[in-house]
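Student: Checked TrEMBL, it gives:
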DOMAIN    111-302  domain 'ABC transmembrane type-1'
REGION    1-20  region 'Disordered'
TRANSMEM  39-59  transmembrane segment
TRANSMEM  113-138  transmembrane segment
TRANSMEM  150-170  transmembrane segment
TRANSMEM  176-195  transmembrane segment
TRANSMEM  234-259  transmembrane segment
TRANSMEM  282-302  transmembrane segment
Amino acid sequence: MTSLTAPAAARPPGHAAAGRSPSRLIWDRVRRDRTAMTGLAIIVLFVLIAVTAPLLTALNGWSPYDFDPSAVDQRLAGVPKGALGGVGAEHWLGVEPVSGRDVFSRIVYGARISLLISVTATVVSVLIGTVLGLLAGYLGGWADAAISRLMDLLMSFPALIFMIALISVMPEGDRVLLLVAVMGGFGWPYVGRIVRGQAMAVRHREYVDAARVGGAMGASILFREMLPNITAPILVYATLAIPANIGTEAALSFLGVGVRPPTASWGQMIQESMMWYEVDPMYFIVPGTCLFLTVLAFTLLGDSLRDAIDPKGGRA
């Protein structure tokens, strides 16, 4: 009896299994990558910590703003009592020197601030960059020239220095909103350049020409025909932009122009720990480790996602 289906061994290398969409193939590759799954597990852990911060601090019994003078030794200039910075049943990760605020509570609320700012800033930069990149790549001519020159101008600035200067002279207001606006404003040209190149590559493809002949207007062509076919590089960029924004937010808070006290921030905690790392290294180790693991996890996931989308151009 002759089978009508070609055996799996006869399929050419890289041939997609019947019925599996490109997104399913990408997910299958990511799922088989231990590095990606490790990064994803760490990301999920920190997201859960950020989302459940009020519940976790309620279980701990200390808010990030509560002072515990009894946990520090006033005779030693506020050094935490006990080993490892005051780690114990009452304060799970110890306390801050001088103030006695609970480090665990400030870490979990710091995770919320860090992820909120970095993810929102990434969304803002991706949205602006995608729209302007599509317009530049599809319209060409003067529109492409104007948008491209604007991208070149913003990319030529030393972004961190200009962020510091800009944030320093702006009114206080909502600090989180200000950081998101500034980081998103400086970040969009990078995704815009990627999207522009992809849009120029697909704007004369058959499906775009067919939509144009069928009477589709500009917005319909941009967002229904072109955008779905260039989402992969945008997704990779967004995944890799989040850790960059986490580092930027931490750097700005470390330098004193980011999140203001008493709001908890990992960068702010690291800056304050510099004066105490010899007598209380835990105050530096805990936020430093959280920042390192979060940035590493997003970077590993982004690299693996890029390799899954483009296996030939990925890691050997």
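Even glycines carry a Cβ here, placed using N, Cα and C.
TrEMBL labels come from automatic prediction, so no person has curated them.
Where in this structure would I find these features, and how exposed are they?
Tutor: Sequence-distant contacts of the transmembrane segment (39-59) (same chain, six or more residues past either end, CB-CB distance under 8 Å): 30, 102, 104-105, 108-109, 111-112, 115-116, 290, 293-294, 296-301, 304.
Sequence-distant contacts of the transmembrane segment (150-170) (same chain, at least 6 residues past either end, Cβ-Cβ under 8 Å): 132, 178-179, 182-183, 185-186, 188-190, 192-193, 196, 248, 251-252, 255, 257-258.
Below 8 angstroms of C-beta separation, residues 113, 116-118, 120-130, 132-134, 136-137, 147, 150-152, 154-155, 157, 159, 162-163, 166-167, 170, 230, 233-234, 237-238, 241, 245, 248-249, 252, 258-259 of the same chain, each at least six residues beyond the ends of the transmembrane segment (176-195), sit close to that stretch.
Same-chain neighbours of the transmembrane segment (234-259): 113-115, 117-119, 121-123, 125-126, 130, 160, 163-164, 167-168, 175-176, 179, 183, 187, 190-191, 194-195, 265-268, 270-271, 291, 294-299, 301-303, 305-306, 309, counting only residues six or more beyond its ends whose CB sits under 8 Å from a CB of the stretch.
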